[in-house]
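Over in Swiss-Prot, the protein carries these features:
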type	residues	note
DOMAIN	7-189	domain 'tr-type G'
BINDING	D19, H20, G21, K22, S23, T24, N136, K137, I138, D139	GTP binding site
Amino acid sequence: MTEAPVSRIRNFSIIAHIDHGKSTLADRLLQTTGTVAARDMKEQFLDNMDLERERGITIKLQAARMNYRGEDGEEYVLNLIDTPGHVDFSYEVSRSLAACEGALLVVDASQGVEAQTLANVYLALEHNLEIIPVLNKIDLPGAEPERVKQEIEEIIGLDCSGAVMASAKEGIGIAEILESIVHLVPPPQDTVSEPLRALIFDSYYDPYRGVVVYFRVMDGTVKQGDKIRLMASGKEYQIDELGVLSPAQVQVKELHAGEVGYLAAAIKAVTDARVGDTITLATAPAKTPLPGYEEAKPMVFCGMFPTDADQFEDLREALEKLRLNDAALQYEPETSSAMGFGFRCGFLGLLHMEIVQERLEREYNLDLIITAPSVVYRVTPLKGEVFMIDNPSTLPDPQHREKIEEPYVQVEMITPETYVGTLMELAQTRRGVFKDMKYLTPERTTLIYELPLAEIVTDFFDQMKSRSRGYASMEYQLIGYRENPLVKLDILINSDPVDSLAAIVHRDKAYGVGRALVSKLRELIPRHQFKIPIQAAIGSKVIASESIPALRKDVLAKCYGGDITRKKKLLEKQKAGKKRMKAVGSVDVPQEAFMAVLRLKDE
């Protein structure tokens, strides 16, 4: 490894919207600097999980150290710190930006600026990063670099006269990008003599070494064998292994201010070394931790149940293993009368939920039932403390509570002008409050709405994409809780409430949702030997009901002619039997019924 003085280190990240070519650009940089040998090169080199490759998104952060000889003949060390581009992971993005001094803003020359790019650029500006605009995919026939340059200048206010024209796929403009990193990104501050402070920007669990922590040294020096303390959790560890990532791990003896590396210190779980925590020496600790640390707060909750009750322990183990790698995932055991034993899980957002679900099914071969996602409500009871609930079935009765508040988010949608009407209609049907509308360019518009988070977690994103033919993009952030007339909608099957189908809905929408739910269930629950009523109720008031008629055997088949009383006797006997059955019989609710409830909101 080249030893580099602080003045020749450059730490940068790449900001880009999904599909604008960030991973391909990272591949080219690794190749051009000779960090990864040509024969080892594969597409999306830094995206390690199969899921990341398949969806073409970056989920976990990666880092890579590149040695680069500049045109001035000096040897530089460039540290690329990768960021996830999706809104669910914005805290991780802010931590990895805090570890950098500069950022490449990669924009697709045929598409222009998207909502998530904007959100991340603002984050980068908050951290005072030097931003270098790069127009990617200029080899495409539909590329309009001049229009996109103007768009970046108008929307973000960045001077684009020096923007690099590039095509990561064809390898055009890569040399210019490397030179502009060296000349424009400022070197880290030279604080080698101060007490050690290092920022954790990612960590993952390795079955042999425990948790491996990726960090950037902000002040001071760290050596192999040092005893370190994590300032937020207060725990102390001895460093077993210290090294740099070129993307493969290479051990080194020490790292100083400005450098990026990894360490292993027999840490048991990722929750002990959280993203954003500060590492310092146990013997000579720093006075204050680095700013900006936050606990990850789940926003979306759902129940996960194994379809086969015997798999409950397997599900517990799988969640424990995922939790080792994913500090934002929360779960606790839960039982449901309809589904048996399972877990109530909390996620950062919908994408995070889908990814966890997919990893459980794919990597651990589990068959899962997922209940409808819900958000965290704040309930003020008549007596006692305010408390939070994430499961609709635990909501207290109206006579015991004063008010319910739900979380609201501010949503920014960037869309071509043609789709403004249909997206405004979508936001209004989801109880959105219109706040602002800005024209970014004559063709592109930003719509700003305030919406309840509960209206977004189901399928708002999919609806927005389908209404705008895939051209709109969105970004949201929490703005606090607001009181609304919310009610708990219970679904009763054969007079028994099914807890997994309960939902908290707005009073004005309760009838529509209840009616749709019962008619859907009527189609899906198979007929039994007795009549099954299906009802949607608020408290004790039934607002919608359907019934599934009983299957009947033709008991009169053996009577040809004969007396009517004989027939009546047989029919009465059948009726009495059905009545007895209804009292003791239990109704089988098939798996599809629960899935249909999830899909119901899409229709």
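Cβ atoms here come from the backbone N, Cα and C positions, even for glycine.
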Worksheet entry | Neighbour tally for S23 (GTP binding site), based on other Cβ positions within 10 Å of its Cβ | 24
Worksheet item: For I138 (GTP binding site), what is the secondary structure by DSSP, using just helix, strand and coil?
Response: coil
Worksheet item: Near I138 (GTP binding site), which residues of its chain come within a Cβ-Cβ distance under 8 Å, counting only those 6 or more away in sequence?
Response: A109, P145, M165, A166, S167, I172, G173
Practice prompt. Mind giving me a neighbour count for N136 (GTP binding site)? Other Cβ atoms within 10 Å of its Cβ, every protein chain shown.
Written response: 31
Response to the item:
Under a three-state DSSP reduction, the secondary structure at S23 (GTP binding site) is helix
